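What follows is a short report on a single structure.
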Amino acid sequence: MAAAEDEEKRPLLLRLRRPSGGKEDDDGGWRACVLILGTELSDCLAFAGIARNLVSYLTGVVGESNVAAARDVSAWTGTCFLTPLVGAFIADSYLGRRTTILLFLSIYTMGMITLTVSASFATPHLDASSDGDATSGVLRATVFLGLYLVALGVGGIKPCASPLGADQFDDAAPAARASFFNWYYFCINVGSLLAATVLVWVQERAGWWLGFGIPAAVMAVALGALLFCSRLCGLRASQTPPGSPLTRLCQVVVATFRKRRVELPGDSSLLHQLPDGDHRIIEHTDQFAFLDKAAVVVDDASPAASSPWLLSTVTQVEELKMLLRLSTVWPTVVFFFAVTAQMASTFVEQGKAMDTRVGPVDVPPATLSTFEVVSILLCVPAYDAVLMPLARRVTGNRRGLSQLQRLGVGLALSAMAMAYSALLEASRRRAASTPTSIMWQAPSYMVLGAAEVFTSVGLLEFFYDQAPETMKSLCTAVSLVAVAAGSYLNSAIVAVVAWATAPEKGGGGWIPDDLNQGRLDYFFWLMFGLSCVNLLAFVYSSTRYSYKVAN
């Protein structure tokens, strides 16, 4: 145990230089994680390289209208958030995480190659005006085939990469796992930053075929590395799935309903449990005790009495209890992503109403999101090297902060960002005759970037650690769906605010086209208030949360 603790305290780069094999490999697993981090970096580079400039490609090359392009981008993005549920189910039920990643990474690479081929149709002598509808139809079909192959490929990587990386560490090394999730999120943002800068420039200046071809080549290299270097790096594959986890959960629900009138025994040891052996057993907990009826042994000699649809094990019941506990935390995180959605909506609108000149340069408001990425890239190493060791000394927790404490800090920071934005907007309106510099928005982006390091990373770690062993990929996918749910929630809040604050005879209410005629600061104060209520709800649910116990 002491060796494991010493290993966790070593800087990441020194851990990567350890020789493979032996105790160090078991305690760290960092050499194997290089493959996982490289795969995720490649995924984010390719995905962001498409998403950041897809509207320009559809309008400028495919020839779609602005409305059609916006619709198609939204549909594709939404699909990318839904396919992880499919990939996670396949991984947890049939193939395992490593095999699922290899399969979907192959599909992803084919999608990128298809998009690169579609870009070859984008030369001047092959555009729709000169070659007619036939070429235009082939171009459109090729583009959308490539896009949806990519969307399918994303579905197998996003829910499996982080759990597979965490699988490389023993349960005795929780701090190493926490550090892995930090660097995993770091790689996500490095990929996004490279896509937003280098790839977008290449697409606009050097051509779309090269802008798509570079990430396609990177994906192919990642696929080859994962396929041929897994054994060399000591990558541990996940165990063979025992079957559909959803079937086992349904069996608990059905058994509970069928035995709803059965009395629970006073001694939980009388409940049906797996025999000792290689099975991973989850100990009984008292929360959601009504579900324990599924594990009550009925005094009946008929074969039906031992049917899995009438008799469940304590481990099965506890798996369902874990999901119910996670469901109490998930909604509070959804609102966090509704707050971060302001960076792509109201923050940009606020920036347009400010002085966008920084010296001789006219700064587009959307580029201020770079401060969010920079904040994340700075905070991840700082958290791993400074904050975690300091917090470990104060709390005695080997992770530094517990998973729920980490989530709570991020929620609090997001509320602070909304309060700052409200104060900034009020100041901007008061000084309308002297435009406020757009650089005053930078702290809002940086605070939200720091909040993501706590909450987004903490969410991945929390859902991995607290999920049933057989459902870690599926629970990771559910945690990712919170991002999409937060965007939808933000849209709903904005719509309700516009309806509730608009004058009877029309008008923009708090968020009109001319922000000098509205009260965007009131909207930010509303989000601050809701964030505080959400934080209180999180504190309440987290104090009642019961961590899983397994042996």
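Residue 1 is the first one shown; counting continues down the chain.
Any Cβ shown, glycine's included, is placed from N, Cα and C.
If you look at the transmembrane segment (101-121), the same-chain residues 6 or more away from its ends with a CB under 8 A from one of its CBs are 39, 43, 46, 50, 61, 87, 95, 135, 138-139, 142-143, 145-157, 160-161, 164, 207-209, 211-213, 215-216, 219-220, 222-223, 226-227. TrEMBL lists 101-121 (among others) with the feature transmembrane segment.
Within the same chain, residues 36, 39-40, 43, 46-47, 50, 54, 57-58, 62, 72, 76, 79-80, 82-88, 90-91, 97, 100-101, 103-118, 121, 184, 473-474, 476-477, 480 sit at least 6 positions outside the transmembrane segment (141-161) and bring their C-beta atoms closer than 8 Å to a C-beta of that stretch. Annotation comment: TrEMBL describes 141-161 (among others) as transmembrane segment.
What TrEMBL lists as transmembrane segment is 182-202 (among others). Long-range Cβ contacts of the transmembrane segment (182-202) within its own chain (Cβ-Cβ under 8 Å, at least 6 residues beyond either end) map to 12, 33, 36-38, 40-49, 52-53, 161-162, 165, 210-211, 214-215, 370, 373, 376-377, 380-381, 383-384, 452-453, 456-457, 460.
The transmembrane segment annotation in TrEMBL covers 208-229 (among others). Same-chain residues lying 6+ beyond the ends of the transmembrane segment (208-229) with a Cβ under 8 Å from its Cβ atoms: 35, 38-39, 42-43, 45-46, 49-50, 53, 57, 61, 101-102, 105-106, 108-109, 112-113, 115-116, 118-120, 122, 195, 199-200, 202.
Feature annotation from TrEMBL assigns transmembrane segment to 329-348 (among others). Beyond the ends of the transmembrane segment (329-348), by six or more residues, the same chain brings 365-366, 368-369, 372, 404, 407, 410-411, 414-415, 417-418, 421, 441, 444-445, 448, 451-452, 455, 459, 462, 478-479, 482-483, 485-487, 489-490, 493-494, 511, 520, 523-524, 527, 530-531, 534-535, 537-538, 541-542, 545 to within a C-beta distance below 8 angstroms of the stretch.
With a cut-off of 8 Å between Cβ atoms, the residues of this chain six or more beyond the transmembrane segment (368-386) that come close are 11-12, 179, 182-183, 185-186, 189-190, 192-193, 196, 343-344, 347, 351, 438, 441-442, 445-450, 452-453, 457. Feature annotation from TrEMBL assigns transmembrane segment to 368-386 (among others).
What TrEMBL records for 407-424 (among others) is transmembrane segment.
Taking Cβ pairs closer than 8 Å, the transmembrane segment (444-464) reaches residues 162-163, 166, 177-178, 181-182, 184-185, 326, 329, 333, 336, 339-340, 343, 347, 368-376, 379-380, 383, 403-404, 406-407, 409-411, 413-414, 416-417, 420-421, 424, 472, 475-476, 478-479, 482 in its own chain, all 6 or more past its ends. The transmembrane segment annotation in TrEMBL covers 444-464 (among others).
Taken from TrEMBL, the feature transmembrane segment applies to 476-502 (among others).
Annotation comment: TrEMBL describes 522-540 (among others) as transmembrane segment. If you look at the transmembrane segment (522-540), the same-chain residues 6 or more away from its ends with a CB under 8 A from one of its CBs are 329, 331-332, 335-336, 338-339, 342, 346, 407-408, 411-412, 414-415, 418-419, 421-422, 425, 493-494, 497, 501, 510-511.
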